[in-house]
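Participant: Reproduced below are the annotations present in TrEMBL:
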- 28-51: region 'Disordered' (REGION)
- 34-43: compositional bias 'Basic and acidic residues' (COMPBIAS)
- 64-123: domain 'P-type ATPase N-terminal' (DOMAIN)
- 99-118: transmembrane segment (TRANSMEM)
- 318-343: transmembrane segment (TRANSMEM)
- 363-385: transmembrane segment (TRANSMEM)
- D433, T435, D1030, D1034: Mg(2+) binding site (BINDING)
- D433: active site, 4-aspartylphosphate intermediate (ACT_SITE)
- D433, K434, T435, E715, F757, K781, R819, T899, G900, D901, R1004, K1010, N1033, D1034: ATP binding site (BINDING)
- 642-681: region 'Disordered' (REGION)
- 662-674: compositional bias 'Pro residues' (COMPBIAS)
- 1056-1300: domain 'P-type ATPase C-terminal' (DOMAIN)
- 1097-1113: transmembrane segment (TRANSMEM)
- 1120-1140: transmembrane segment (TRANSMEM)
- 1170-1192: transmembrane segment (TRANSMEM)
- 1199-1220: transmembrane segment (TRANSMEM)
- 1226-1252: transmembrane segment (TRANSMEM)
- 1272-1290: transmembrane segment (TRANSMEM)
Amino acid sequence: MEHLRWIRHRWQQVSAADSRQDWTSPANLLPSKSDLDPQDHTGHRLSGKRRTVVARHGPHQAEYHNISKGYQGNGIRTTKYTLLSFIPMNLFQQFHRAANLYFLFLVLLNWVPVVEAFQKEITMIPLAVVLTVIAFKDAMEDYRRYRYDQKINNSITHVHSRRQRGYVERRWADVCVGDVVRLCCNEIIPADMVLLHSSDPNGICYIETANLDGETNLKQRQVVQDLPQQGSEFTPENFSSRIECENPNNDLRRFRGYMEHPNKVRVGLHSENLLLRSCTVRNTETVTGIVVYAGHETKAMQNNSGPRYKRSKLERRLNVDVLWSVVLLLLMCLTAAVGHGVWLSRLKDPVFMIPDDTDPALAGFYMFWTMIIVLQVLIPVSLYVSIEIVKLGQIYFIQNDLDLYNARLDSGVQCRALNITEDLGQIQYLFSDKTGTLTENRMLFRRCTVAGTEYPHHENARAMEQYEEQCHGPLDNTLTLRSRSSRKSLSCNRSSVSLNTLAAVSDIHSPHDTLRRHAAGAFSSTMECAVVPDVQLQRKLSALSTPLCPPLKHDTAELSHILDFFLALAVCNTVVVSSPSQPRHMVQMPVARTPLRSLEEMKALLQKLSLPRFSLSPSQNTDSPPGLTRRLFSRGRSATFAPYTPNTLSAPPHTPTSTTPSPIPTHTPSPSSTPMPIHRGAWGKDEELADEDSVEEEDDDEEEELLYEAESPDEAALVQAARAYGFTLLGRSPEQLLVVLPGTGPLSVPLLHLLPFDSTRKRMSVVVRHPLTGQVVVYTKGADNVIMELTTLGDDSCSREIMERTQQHLDDYAREGLRTLCVAKRVLDEAEYEPWLKRHAFAETSIENREELLLDSAQRLENNLTLLGATGIVDRLQEEVPETIEALQRAGIKVWVLTGDKQETAINIACACKLLRPTDRLLTANCDSKEACEARLCELQRDISTITERGLSDSSMGVSEGDAVISGFTLVIDGRTLDFALHEDLQKNFLDLTSGCRSVICCRSTPLQKSQVVRLIGDSLGVMTLAIGDGANDVSMIQVADVGVGISGQEGMQAVMSSDFAISRFKHLRKLLLVHGHWCYTRLANMILYFFYKNVMYVNLLFWFQFFCGFSGSTMTNSWVLIFFNLLFTSVPPLLYGVMDKDVSASTLLSLPQLYKAGQNCEAYLPSTFWLTILDAFYQSLICFFIPYCAYAGSDVGLLSFGSPINGSALLIILLHQVIESRTLTWLHAVVLLASAGFYYAFVLVFSVTCVTCNSPTNLYGVETKLMSEPLYYCVCVLTTVLALLPRVLCRALLNSICPSDLVKAQKLDRSLLEQYWATIHQWKENKLDRQKLKSKHVPQTLSVNADVPHSVDCSQEPISVLS
């Protein structure tokens, strides 16, 4: 029954996916501007399937029972099997493999009397062993999943019960859609819920999504707007609203729907209103929500696609060779069938055969199928199981490599794809992101330009250099961090439980454990974040804090730009403010020194500037500043706002009725101090102020206590830069921001809208009301090329000059390798804002085409911008990046960098990491049209051809051009040109051009372009590709590449969770590819060839015997040895060979990267190598068969006695063949080889003395014991083994002597170094022994123990000097 429910669930998923294809409306059905009134819903009923949710115990009981029948329960089941279905379902899945079906066919075929070759039970043994091993492995994995499911389903949460009129404990599995669930701090969310109530007065809560997407920074969620009960104690019985939302899907960042209240007013639902299953509630005492998706319909379970599976290149080659083995088997069987028919046709009434009426042709047909059974071992049924075991062993050694361990982050390499380890040794193209992959992604503010004036921040640069010099010392684990993860901040006083803890999953290499290990070092340390203000800019800003000084010395328009620039840096972000002693968004507000006077001075300054954009409203308002702050931070959600007035700014202080002591320890005020009340609005209650001296000290302390947590490190860097100039972000709520301007106290900035960053717009914006003027202002920051296109030039020449100078500064920043960002603004009139607000409200409440409508709404707002300035942020290279890239290029890997940065920035970084060498010719392609792109690609291709014809044949040779020497070409192409080049008719030109370049840099590229480039190169050129990145924008190219590598960096773990392998630093890629990749490929390739060799070699022994038995299908060995020979006696040594063999040492592979080319060229496993191995197997089988045949010719030995020395010789040949092929021989190899040989002889001897009827109709009794007592047996085995292996040994020795490969030379180098090492050790031991003898002669016997021994220091230092 459970399985039927699972099938029904999967069918519902498929049908839901099909139904979602009809959700998109045509463009001509978009509403007109006059239809955008959010209150008018009659004309915009949305068509298509969707989900309706009402409270389970609310007033809509009848409707609930009707609509909830098709919804999933909250119980999950990730197991494949049940106790009853395990055997049939597991067998059904295993027989999807062609090899298993083949052996099942042989088992059934052996039951046919006409073609029967062995006893029926014997032919079942190989298949039964393979099926049993795999079934046991599957059972263990499924049992582990079962225990995980049970722990999750039996977890307890609190659900509202109508009968008990309160919240009761209930298992997660018993939660249903429509249930109202209450959660406390640090509890895990049991299902996807719409947030209805929060204990926070602002209606917000924070969740940690590390269990879901790997990100440790907190996500803010807020209660649905305009809920009737918001602000009071939530009563589930009175909740009568109806929710309509989209069908379940796996998009973690999208939730579309609306809530319809009883008064028919609809409120849009967004991802900010949805609490996702598996996330953890943080920093909120209680939250209440209604379940909309449960169980397998939740977004977490929709994304649970299981382990990744990719088919490696070597596996694809293996499948081809298996087919060749099948062809070889058919030829041998056909030969035997024809031979048997011819032999029978030539016999004339033989006395040794029972006469029958079978026609020779029909007998040959029967013999064909009999030989299929006899020669079945030719197909390596156990090879696939052996490959899986070997790969698990390889992964174990990779994950336990200490060189790939990062002590600072306490994380190692993670192998998330278990079946492509050998692909690491065949990579030909590497596609890398820049930020966070090649660089630290620890953004530090470096310099800025405002209103066309550049501020170089020289003091800040010197401070950064000094800090970097100090950081070269030992790692200081006690470093205080400015930006921290959620675990380091104060949350509720409850035990924090993660989902993995709840499920008791012990995976030391899981991404979530890695997150928690490196979470302490988020973005940057305190010293890194500290910005030293520029002297010139600080002097100009001083006019804002002391504006009543005599006439202004600075341009008023420039001061206005500066004010807006830093205010934009402070508010245009999603940064969360916290402190070590308080949760996020609940930070204790610092106390301003003179808030009232500074507000008046600010107003006077703005009046003196006389700027139209900051004109104040003449309306009167009598609110005092504390009252004003209280009004701004009230819980109201109205979009209207009354501008501030002069009376507002100069009103007398409002005396509070009560004060609340600060939770942060403060200095005791002196008796003479005069307390001044400051209301903290949504962040706290009124508080008495200390005296001025105490306030100054406390302010400094509390400023140091502020912690900024951002989703990206550049946001944190910009907020820190604004803080350095006095524009301090103190707190955040869904509707207001609390900031401090120079010379002012905390000011409330109403946050009207936040338009988040996306890869299409390449910018983010906030719509706020200016804290001083009350005007609606749009602050936008984003990529410089995008912002520049959206800015407008004024009528005066000043605006044009500002843009030209800013663009010049941006180019200078990019040449220095800085990340650039432009900041702009737009002031909206109320007449402009109101129509846009209506259209935006409709977009937010739409279910169909919501993303398109929101994008259109944002683009309508983000135009006609006024450029304020730009910033330059430094992002340092990771350690050993230049050395890693240089080694990879020497290994023959072409490195491409795909980045969204400016062209100049990318070129600078490329030079710094040695991707672009001084002797390289730099080729650029920046085109505005498809025709220009085609012409440019052809032109560059002709340039490369002209230069290469003059002598440049590869990257190691140079050709002189004038006074310059060109050693290679590097192409730099921007995003627009790349878009043209990816068109189908230009792809060939693009590929021809890039094939002649040593490296390629793609600038301004989008995530889609990254994946398109990777797919184009891989599919068109047929090469092995690897993509590496650290952010969500790299996920697409990581998934498209043959091998995807994620870096657990500063931008969450999306890349890691989508990757095949995960590392913590880019430098680890060097050893992962050059060493482990080379080893994995070489080991697996040699093991596969060895499997084919031993199977073909042994099967041919049976085939040669057919020429002497009339092709009758008889064998010269008993059937038990025949079946067990490849299954047991020779199966373990190849496993050890595939896991532990090292052809070249790790140090040599790292020092000689060109050895990696052997894997790129598939030298270990070429088609020629395969056929040479098969020919060698044929030769060895001939020797192994005919030498015993000649030795026992003319004797009276029986059939089984003749086969005994053949089997013994074959075993020795096969085992010693592996010894010859192995490059690493240890005691473990000796034990395994001897154990295999001993196991064979023990088995046959025991069989010989105990079995009489085991191999009917023949009798095995005494055969082996008699033969092994004769010297001829051992002489035959030794001679056969020597002659069989001698050609391979001679050919290998001759080939390695005359024309050794690079790998052979490296092996000789290893041996010479090893011999030199041991010789040095031996000499050191002898010298030490001689010195000890010498000292024992000179030291008196009565010498005290505490006496100083002469020259003792020299003796202790001698080993060091010798070894060095």
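Keep in mind that glycine also has a Cβ here, set from the backbone N, Cα and C atoms.
All annotation found in TrEMBL is predicted automatically rather than curated by experts.
Give me the structural setting of these features: burial, nearby parts and distances.
Facilitator: In the predicted structure, the domain 'P-type ATPase N-terminal' (64-123) carries a mean pLDDT of 81.
Listed by sequence, the residues of this chain that lie at least six past the ends of the transmembrane segment (318-343) yet keep a Cβ under 8 A from its Cβ atoms are 99, 360-361, 363-365, 367-369, 371-372, 375, 378-380, 383, 387, 1088, 1092, 1095-1096, 1099, 1103, 1106-1107, 1110-1113, 1170, 1174.
Within 10 Å of the C-beta of T435 (Mg(2+) binding site) we count 27 further C-beta atoms, all protein chains included.
Residue density at D433 (Mg(2+) binding site): 29 other Cβ atoms are found within 10 A of its Cβ, drawing on all protein chains shown.
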Participant: Taking 99-118, 363-385, 1170-1192, 1199-1220, 1226-1252 as candidates, which has the most Cβ pairs under 8 Å with the transmembrane segment (1120-1140)?
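Facilitator: By Cβ pairs under 8 Å, 1226-1252 leads among 99-118, 363-385, 1170-1192, 1199-1220, 1226-1252.
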Participant: Checking distant contacts: for the transmembrane segment (1170-1192), what same-chain residues at least six beyond its ends satisfy Cβ-Cβ under 8 A?
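Facilitator: Apart from its flanks, the transmembrane segment (1170-1192) reaches 321, 324, 328, 1089, 1092-1094, 1096-1098, 1100-1101, 1103-1105, 1108, 1201-1202, 1205-1206, 1209-1210, 1213, 1217, 1272, 1275-1276, 1279-1280, 1283-1285, 1287-1288.
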Participant: Based on Cα distances to G900 (ATP binding site), point out the closest of the binding-site residues T435, D1030, D1034.
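Facilitator: In terms of Cα distance, G900 (ATP binding site) lies closest to T435.
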Participant: Test of understanding: give the count of other CB atoms lying within 10 angstroms of the CB of D1034 (Mg(2+) binding site).
Facilitator: 31
Participant: Looking at the binding-site residues D433, T435, D1030, D1034, whose Cα is closest in space to that of R819 (ATP binding site)?
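Facilitator: Checking each of D433, T435, D1030, D1034 against R819 (ATP binding site), the shortest Cα distance is to T435.
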Participant: Please report the Cα separation of D1030 (Mg(2+) binding site) and R1004 (ATP binding site) in Å, rounded to an integer.
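Facilitator: Just about 17 Å between their Cα atoms.
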Participant: Which range out of 1097-1113, 1226-1252, 1272-1290 gives the transmembrane segment (1199-1220) the most CB pairs under 8 Å?
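Facilitator: That would be 1272-1290.
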Participant: Measuring Cα to Cα, how far is D433 (Mg(2+) binding site) from N1033 (ATP binding site) in Å?
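Facilitator: With distance taken Cα to Cα, N1033 (ATP binding site) is 9 Å from D433 (Mg(2+) binding site).
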Participant: Round to a whole number and give the Cα-to-Cα distance in Å for the pair F757 (ATP binding site) and D1034 (Mg(2+) binding site).
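Facilitator: F757 (ATP binding site) and D1034 (Mg(2+) binding site) have their Cα atoms 16 Å apart.
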Participant: How many other Cβ atoms sit within 10 Å of the Cβ of G900 (ATP binding site)?
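Facilitator: That number is 23.
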Participant: Near N1033 (ATP binding site), how many other Cβ atoms are within 10 Å of its Cβ?
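Facilitator: Around N1033 (ATP binding site), other Cβ atoms within 10 Å: 21.
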Participant: Work out, from DSSP, the number of helix, strand and coil residues along the domain 'P-type ATPase N-terminal' (64-123).
Facilitator: 33 helix, 0 strand, 27 coil
